[in-house]
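The next block holds one structure in the form of structure tokens; read it before the comments.
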Amino acid sequence: MANTPHGGVLKDLFARDLPRQSELEAEAQKLPALTLSERHLCDLELILNGGFSPLEGFLTEKDYNGVVENNRLADGALFSMPINLDVNQAEIDQLGLKAGARVTLRDFRDDRNLAILTVEDIYRPDKVNEAKKVFGSDDDTHPGVKYLFDTAKEFYVGGKLEAINRLEHYDFLDLRFTPSELRAHFNKLGWQKVVAFQTRNPMHRAHRELTVRAARSQQANVLIQPVVGLTKPGDIDHFTRVRVYKALLPRYPNGMAALALLPLAMRMGGPREALWHAIIRKNHGATHFIVGRDHAGPGKNKQGKDHYGPYDAQVLVQEHQEELGIKMVEFQAMIYLPDSDEYLPINEIPEGTRTLNISGTELRHRLRTGKDIPEWFSYPEVVKVLREENPLPAEKGFTVFMTGYQNSGKDQIARALQATLNQGGGRPVSMLLGENVRHELSPELGFTRKDRDLNIQRIAFVASELTKAGAAVIAAPIAPFEDARKAARDLVEKSGPFFLVHVATPLEYCEKTDRKGVYAAARNGEIKNFTGVDDPYEAPAKPDLVVDLEKQNVRSIVHQIVLLLESNGLLDRL
């Protein structure tokens, strides 16, 4: 039998409000609407389906203060993470938000009405206090703190919700269970005791050994419930991770484990988050919850130390275990013993015993370089999934971004580089020349700084998508401003390698060899906002390569670029 929900009753607002769905939908069409962010949507889904029971809406000021200060709602119920709907003054004014007002909450992805919020109060939070009390610090290297300070808006709106529509998902539908559905699934399987395992990372043999040990220690089954909402920036995408979990599942003893996805927006809140995770798993029917080393920890702070102690989360959950109503299963790091081919918790290993380990950094290096990942660390079927999503450098897309004055030679270099890369084969080559982009992507833009920056932003977006798809991209705009170039690098590097090449041909040479007469026209005032004449050019501070067509020929410059690409493992051969 599944565990009792937190607070005694599962607050499944979808089930509660289903008889009134048509009525609520009709009302929602007439109300002002607030479009929710991705994080809001994650929170909303788990409020509406009962995953955040006993919550029935976003926190009012009384509830918020209780949670921040004491891990408790205003009625005394244990709850450790503030669930807030943040808005700005413009939204308050535009939507007429005030106590008693009703507002539709809308999905930004498909413009569907999801719920109606009845506003109870609007309040301005003390964000510094929230950061220190909830996350233990106001250090913005913590992603939860950074979000709070940089993204969360000025005011919070509290109030109860009425459910209209479920959020639409189009991936892994067979693994998406509401708390009610998962409880029914456990009952169908006849599971009496369920140990839940939280993860935001791929699982390897150590995780399998840990969860099997936990289940056997409690004579229970295992629920692998990975987060597929928002996790730590830089984490492996959930599509890859879920394929890993599915590949791993057959390695469990027959009938021991089940896999279900959790659409949670993590805060990386360490001890507080562990308590919150336990409440969520209790609502999903689990009777036990694994809390391991540095649970939901965000990594290092500004001093280079971990934000939380390795077992702080276990201490906090243990303090509230009796009231919490879900049993914590403590586990330390699992270490491999090659002489006996087994994993043991680090505190059970005799001193002097030979051990082996592969760090996360080393694993990423082996994936990048194609080096062997031994079976004692991870199963072949798991490694296969990870290698599919981590192609070798020679199989990846990349962007070569050239910047320089008009007539500096960028276009000639770009065309020659395109021919050279096409000769080598292995990936498609796309070219984004300044004039072509202006004609095809940005015909309405002028040459003000704002328009120039927008043009570079568009080039960067196209380059990032092509790079993600495995193409070699050669971009050659003037790109005169450092901030826009940095933004382009930041965007493209999310998809693959980015190389900034400064074509530093002197302005005098560019003007002297100008056969089109554009410099002369600019000097005569016929062309305005012309880079190098009446508009500035900011030389790159940290280019990956500097070339000069006055001193070099196109062939030698292309060879330099090819050598740069080859040294980064992006070309099989010269």
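From the backbone N, Cα and C atoms, a Cβ is placed for every residue, glycine too.
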Exercise for the section: Select one of Ala115, Ala131, Ala296: the residue that Swiss-Prot places in the sulfate site alongside Gln198, Arg200. Expected result: Ala296
Exercise for the section: Given that Swiss-Prot annotates Glu435, Asn436, Val437, Arg438, Ile478, Ala479, Lys516 as binding 3'-phosphoadenylyl sulfate, state which candidate in Arg427, Arg449, Arg452, Arg523 belongs to that site as well. Expected result: Arg452
Practice task
Write down the Cα-Cα distance for Phe331 (site 'Induces change in substrate recognition on ATP binding') and Gln198 (ATP binding site), rounded and given in Å.
Solution key: 13
Fill in the blank from the handout: On average, residues of the region 'Catalytic' (171-395) score a pLDDT of 95
Exercise for the section: Can you tell which of Asp294, Glu435 has the least company, meaning the fewest other C-beta atoms within 10 angstroms of its C-beta, among these binding-site residues? Expected result: Glu435
Practice task
Tell me, if you would, which residue among Ala296, Ile478, Ala479 (binding-site residues) has the fewest other CB atoms within 10 Å in the structure shown?
Solution key: Ile478
Completion exercise
One finds that other Cβ atoms within 10 Å of the Cβ of Met334 (ATP binding site) number exactly 23
